[in-house]
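Scroll down for the structure; my scribbles are underneath it.
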Amino acid sequence: MFPRPACLQGRRTRNGSGDDFSTFPIRQLFVLALVRICEPIAFMSIFPYVYHMVESFHVTDNDRQIALYAGMITSSFTFAEFSAGMFWGRMSDRIGRKPVLIMGLVGTAISMVVFGFAPNLATAMIARALGGMLNGNIGVLQTTVAEIVTKKEHQPRAYSIMPFVWCLGSIIGPAMGGALAQPCDNYPALFARSTLWDKFPFLLPNLVCITVLVCGIVVGFLFLEETHPEKKHRRDPGLELGHWLVNLCWGSRVQLPDDSDVKEKYFDAPPGYETAESSPCLRPVDGASADCDLEGQKGPAPKAFTRQVILAIVAYGILAYHSVSFDQLMPVLLSTPRSDDDVVLPLKFTGGLGMATKTIGFMLAVQGVYSMIAQLWLFPFVVKHFGTLRTFRFVLFVWPPLYLAVPYLVLLPAKLQMLAVYVSLISKITFHVIAFPATAILLANAAPSSKVLGSINGVAASTASLSRAFGPTITGLLHSKGLDSGYSVLAWWACGLVCLIGAIQSFWMEESPEPERFKTRQSEVSESEMKREALSDFGTQDQDSDELPEEEQRLLSLRSSVDHDFDISKLNLNAVDNFPKPQGVVTHDTNV
């Protein structure tokens, strides 16, 4: 009936399909990835030297006790992260995602300073606990990705980026930490004795990590956009400064961001204005990402923890438990010396493969490289063809046999053991890179509203942290008991049982064909489109302009200029000087 506005026409790919990669929010995900990679670099950098750090504290001469204390330092971070995860999730719902993400990086930097100067074990543990308590970014990052991605077909690709970034940081961090620790011993020509570097031999890698974190803070402040539905309307001085700096450095007009265009920033009506019947939606609509954002209206938040949300969180906790248990048990199996005890099949045998540390390190490096490749390519491909929930269930049901089979590697002929180990590691990583992003997607899609998405992901992150804290502890205890009794399969089969429980639990989970928040966005876009079509019909009728209200005349004039040219340097902002502006919107020089 009414002509469709140009800004609502769907852009198509070269093959003519409606699934257009040009609408994929690559810029904001790239900025988020730059913010994210700082954390795994900082978190993983301590592992190469934490044993030697505890040894330098001279708390014990027993190697087993040193390993125990090193594990306590690592666990202190996890337990603190568990205790603070829900708080940071709620805080992100209250003040926005961007401030919480930046505060998390600041908290990590503070903890790295304290850790680098730690003179004893207690200070080191407090520093790591401080890092876990001040950083709740795991859940907030998942929330931000869920709000950036406004099309369901983009979810598999988007949710594979953050795990890829973590894998990359997990390679860079340990390499950097191992290379820079104890510089007076490793680089005597550059770092003299009786200096700061000799007194605090583990300070240098922490200072480098702090530098990386500061870079992440700056990038986030200048270029990361707020995604909270009620907070993204606020003026962001950081973004304005970032746009100005880019324009200053490159000497050209700032390119409009792909998701939160500058045109949207200046012609966006705040939630209170959108609800007025006499106030048509002014925002130019481009697909599902630009809308009248009725979800951002003030009002009571819906019930967060529905049945499906709880099931998804439980699935996430179960997955984290047995996955991290595998990561702990596998290096132990590879490094444990071979046993001369008699083998009584099918269950009674002990021992390991007796591999050298260098060999184990190379295997884990290969595992890390494959993990990055699989995150980017395998997961999106599989989910696209089979669906998220179906893929998740399949992985959980084929995973337990791996736990049952791994302890039997010690019984294989020596010439087959190396191949079997690689098959086991690749299989585990394949299951891992599919199951974790799938869980994140199912959790995000189960959320009733973006208003409570931060709280939901905060609880999920805390649950996963608790599982990762207790998983290695319980598994290590079972493994020790199993070796004492002659049954090395005990810990592995216990992990398989937990995985099987998770697989059975997945049959109570449901996958909505269209997530509720996507439905909300689409209905908002339809309403906005109807308003625009009505305005377009007013403009095409042959009538005296005096018959139209003065406000609608200004709207029509402004809409025409926006629809035909989104280049803000060509817009005459004086045309809307008398139009009610949203709170916080400022008029910029058109040369910026």
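Using N, Cα and C of the backbone, Cβ positions are placed for all residues, glycine too.
Keep in mind that TrEMBL annotations are predicted by a computer and have not been checked by a curator.
Database features (TrEMBL):
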- 28-514: domain 'Major facilitator superfamily (MFS) profile' (DOMAIN)
- 29-51: transmembrane segment (TRANSMEM)
- 66-88: transmembrane segment (TRANSMEM)
- 100-119: transmembrane segment (TRANSMEM)
- 125-149: transmembrane segment (TRANSMEM)
- 161-182: transmembrane segment (TRANSMEM)
- 202-224: transmembrane segment (TRANSMEM)
- 304-324: transmembrane segment (TRANSMEM)
- 360-382: transmembrane segment (TRANSMEM)
- 394-414: transmembrane segment (TRANSMEM)
- 420-445: transmembrane segment (TRANSMEM)
- 490-509: transmembrane segment (TRANSMEM)
- 515-535: compositional bias 'Basic and acidic residues' (COMPBIAS)
- 515-554: region 'Disordered' (REGION)
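Put simply, of 100-119, 125-149, 161-182, 304-324, 394-414, the stretch with the most CB pairs closer than 8 A to the transmembrane segment (202-224) is 100-119. Here the transmembrane segment (490-509) has Cβ contacts under 8 Å with residues 308, 311-312, 314-315, 318-319, 321-322, 325-326, 329, 389, 392-393, 396-397, 399-404, 406-407, 442, 475-476, 478-479, 481-482 of the same chain, all six or more residues outside its ends.
Same-chain residues lying 6+ beyond the ends of the transmembrane segment (394-414) with a Cβ under 8 Å from its Cβ atoms: 319, 322, 326, 329-330, 333, 338-339, 343, 349, 351-353, 386, 420-421, 424, 427-428, 431, 434-435, 438, 488-489, 492-493, 495-497, 499-500, 502-503, 506.
Tertiary neighbourhood of the transmembrane segment (360-382): same-chain residues 156-157, 159-161, 163-164, 167-168, 170-171, 331, 334-335, 391, 421-422, 425-426, 429-430, 432-434, 437-438, selected by CB-CB distance under 8 Å and a gap of 6+ residues from either end.
Of the two recorded stretches, the transmembrane segment (29-51) lies close to the transmembrane segment (161-182), with three or more CB pairs under 8 Å once pairs fewer than 6 apart in sequence are set aside.
For the domain 'Major facilitator superfamily (MFS) profile' (28-514), the model's average pLDDT works out to 82. Of the Cβ pairs linking the transmembrane segment (66-88) with the transmembrane segment (304-324) and spaced 6 or more residues apart, fewer than 3 are under 8 Å, so the two regions do not touch.
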